[in-house]
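Chemist: So TrEMBL has the following annotated:
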type	residues	note
BINDING	B:Cys77, B:Cys80, B:Cys83, B:Cys128	[4Fe-4S] cluster 1 binding site
BINDING	B:Cys87, B:Cys118, B:Cys121, B:Cys124	[4Fe-4S] cluster 2 binding site
DOMAIN	B:65-97	domain '4Fe-4S ferredoxin-type'
DOMAIN	B:109-138	domain '4Fe-4S ferredoxin-type'
Amino acid sequence: MAEMVKLFVNGQEVEVEAGKNLIDALQVVGIEIPHFCYHPALGADGNCRMCLVGIEDGRPPLVPACKTPAQPGMKVLLEDEKIKKIQRDIMELELINHPVDCPVCDQAGECTLQDYYMSYSQQDSRMNVEQVHKDKRLDFGCGVVHDQERCVLCARCVRFTRQITKTGELGIVNRSDQARVTIFPGRPLANRYALNIVDICPVGAMTSKDFRFRQRVWFLQKDPGICHGCSTGCNIYIDHHREKYGDDVIYRFRARTNLQVNGYFICDAGRLSYKTENENRQDRTLVDGVEVPLERGIEAALDKLNRARKPLMLVSPDSTLEQLWAIKRIATLYGAVLSGYSDAYVLAGDGDDYLISDDKAANRAGLQLLDIDSGKESFAAALADADLLVNFNNDLFFSPGNEDLQEALEATDQVSVCSHDRPAFSRATVILPCASYSEYGGSIVNRNNVLQRFARAVCRDADPCDIIEITRLLGGAISDNARAWPGLRQSVPALSRIWPERIPVEGVTLNSSEETHVGA
Amino acid sequence: MGAKVRVVERKGRTFLEQLYLLEVFKGMAVTLGHFFRNLLDNSRLYVRHYPEVRPEISPRWRGRHRLTRHEDGTVKCVACFMCQTNCPSNCIIIEAGERFDGRSEKMPLRFDIDLLECIYCGYCVEACPMDAIRMDTGIFSVTSDNRESMVLGLEEMLRTPGAFDEDSYQKGVR
Ligand code: SF4
Ligand code: SF4
Ligand code: SF4
Ligand code: SF4
Ligand code: FES
């Protein structure tokens, strides 16, 4: 537990964490101090002056909250008429040359300037000279589009490229009303985290080319989720919406703060991976290439499983612990060899020392926890021996490298349980559609052994079943996530004291100190 | 309390009225009297000869929608979705895209109003920051024999002119 200090805000005593600045400390107890330039990941810059608060009997009596640590006995004034006037004046200053493009601005609805105008300003412009015009719709590269007129010069974007990516593509040139954010000529943004700038820009000056104009943000339903783009398991918001007469479609992923996993940011590839959730989905049940109802597909699969002498089951390293457990159980039921061979998911050298990892599978640690063999030799041997391969959404051709298995795969009868229409699944005689990660919930373990839980977000019209449901239809005993846990607790020592509903939102680190994190 | 109570004497208790037959004929006499009088001379009828004679529509009448243009012919709508957001029957569907005519950055690529669901409340017109959508076409009869054609598209709405001159429209909406 962090050390707490008592201080006064508008005469009322509050207890806050010591060591934090006033903005962060008071935010925890529900008191907002308006600010533009401060961002917890980038530190205080002190350039916007929106966060000025009064300190009663203080020397000086007026301080920027972003640079002032919470101290015991401090008497913070927020409601004071002087402070309100300062806030009004700063807002007036910010809006002197602001185009107020809100009708065509993607930020409208989640714009700090709009919100602060309503809460702290609400005054008409007194300017009667022509506004300063700057450049709009500047392509800064990496899918970031900049509007210089809307910029409030908080320098968050500049600090992001200097402190976080250390690439320093952005800078502010000129002074006063001519100041503008820009890139060096011919040197656009070039880093794998650039789209975070769109998230951290408090106004609509940085927009995403990909999301631009596609939807107004107030229509979007914003559900928490976990990115399945690599084994880091970054926390995201899944922003989706069902347009009238349309299907539930994901419009964007955004970073969700989790200091234990990804901090405040996510990588661009993960951010754009929402597209694979919308596109190229396998929604039809196929038996010998003919579309049939799911029940018929299940019958066909059951028939094959019952007749197979040596079935082989292949699981995906993206599947949740619960799904892996359910598959493991039916593998035992049918006497099948179980493999988690998935070298194709590892792109050696693609990772970096920040968030991106080489391994593009979301739950490989889970695969290892459940003691599922992932070796290539054993898989190749089992494949040569098997007369039926049941593939649970493992894309063997995610990346090149498995061409030598092609022949053995062609010689084996296959049942594919898959969420996407991909070459690895299309050869199967029975294809059963299943849900993808935005459409089911479960628990996964990331590369640092952090166990995280996520819930279902999207509900498409096709509504394919979860893999667990498919294992149940194939004769398994596990019918939902909750029923997988007694078995998981019993057979996996690291999970023996885990109750999924007690996993905190930021996840729990396994092995090292499981006792301290979750009390049984 | 305080409601005024007035006792009305019940009519129709006399013997002749109780017979009914006589009253029926008295009623028929009135009806037939009107019928023949109008048959011989219909100039005093209080009936509009629709559709030969069209009703006069006032400028503030909320008819079928249209999308307006700037003087140079460019589309006024900037696809801000305010109308869609404000529409109580959720019958406006817009898709937006980039715009390069120098007017704005954004414009509608698709703008559908499902007239079967529209309740002609005019909230879309009131929400529009650009005066881009109006219901001043004077079209009050929206009929069709199939559902699809009741969805009004972007082209159709841009094509339809307003039925009033600017001054009387502005006076009407103020
Ligand atoms: S940045 Fe905010 S205030 Fe400025 S145009 Fe965009 S939404 Fe409006
Ligand atoms: S572009 Fe956005 S983040 Fe960058 S300085 Fe301007 S307002 Fe701040
Ligand atoms: S008139 Fe009313 S119901 Fe019809 S489109 Fe406009 S806002 Fe919607
Ligand atoms: S018609 Fe008006 S309110 Fe509707 S999208 Fe266009 S500009 Fe916005
Ligand atoms: S947030 Fe403190 S000066 Fe900008």
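Each residue, glycine too, has its Cβ placed from N, Cα and C.
Nobody curates TrEMBL annotations by hand; they come from automatic prediction.
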Chemist: Please report the distance from the Cα of B:Cys80 ([4Fe-4S] cluster 1 binding site) to the Cα of B:Cys87 ([4Fe-4S] cluster 2 binding site), rounded to the nearest angstrom.
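Modeler: That separation, Cα to Cα, works out to 13 Å.
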Chemist: Using the alpha carbons only, what distance in Å do you get between B:Cys77 ([4Fe-4S] cluster 1 binding site) and B:Cys121 ([4Fe-4S] cluster 2 binding site) once rounded?
Modeler: 19
Chemist: Please give the average pLDDT for the domain '4Fe-4S ferredoxin-type' (B:109-138) in this predicted model.
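Modeler: Mean pLDDT, the domain '4Fe-4S ferredoxin-type' (B:109-138): 96.
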Chemist: When you measure from the Cβ of B:Cys77 ([4Fe-4S] cluster 1 binding site), how many other Cβ atoms are you left with inside 10 Å?
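Modeler: So the number of other Cβ atoms within 10 Å of B:Cys77 ([4Fe-4S] cluster 1 binding site) is 26.
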Chemist: From the binding-site residues B:Cys77, B:Cys118, B:Cys121, B:Cys128, keep only those with a C-beta under 8 angstroms from any C-beta in chain A, and list them in sequence order.
Modeler: none
Chemist: Of these binding-site residues, B:Cys83, B:Cys118, B:Cys121, B:Cys124, B:Cys128, which scores lowest on Cβ atoms within 10 Å?
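Modeler: Each of the binding-site residues B:Cys83, B:Cys118, B:Cys121, B:Cys124, B:Cys128 was scored; lowest Cβ tally within 10 Å is B:Cys121.
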Chemist: I need to check the long-range neighbours of the domain '4Fe-4S ferredoxin-type' (B:65-97): which residues 6 or more away from its ends have a CB within less than 8 Å of a CB in the stretch?
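Modeler: The answer is 103-104, 106-119, 121, 123-137, 152, 154, 157-158, 160-162.
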Chemist: Using DSSP with the three-state reduction, classify B:Cys124 ([4Fe-4S] cluster 2 binding site) as helix, strand or coil.
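Modeler: It is helical.
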Chemist: Using DSSP, break the domain '4Fe-4S ferredoxin-type' (B:65-97) down into helix, strand and coil residues and give each count.
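Modeler: Tallied per class, the domain '4Fe-4S ferredoxin-type' (B:65-97) gives 5 helix, 10 strand, 18 coil.
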Chemist: Among the binding-site residues B:Cys80, B:Cys87, which residue has its Cβ surrounded by the fewest other Cβ atoms within 10 Å?
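Modeler: B:Cys87, out of the binding-site residues B:Cys80, B:Cys87, has the fewest neighbouring Cβ atoms within 10 Å.
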Chemist: Can you tell which of the binding-site residues B:Cys87, B:Cys118, B:Cys121 lies nearest to B:Cys128 ([4Fe-4S] cluster 1 binding site) in space, using Cα positions?
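Modeler: Of the binding-site residues B:Cys87, B:Cys118, B:Cys121, B:Cys87 has its Cα closest to that of B:Cys128 ([4Fe-4S] cluster 1 binding site).
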Chemist: Filtering B:Cys77, B:Cys80, B:Cys83, B:Cys121, B:Cys128 (binding-site residues) by proximity to ligand 4: which pass a Cβ cutoff of under 6 Å to any of its atoms?
Modeler: B:Cys77, B:Cys80, B:Cys83, B:Cys128
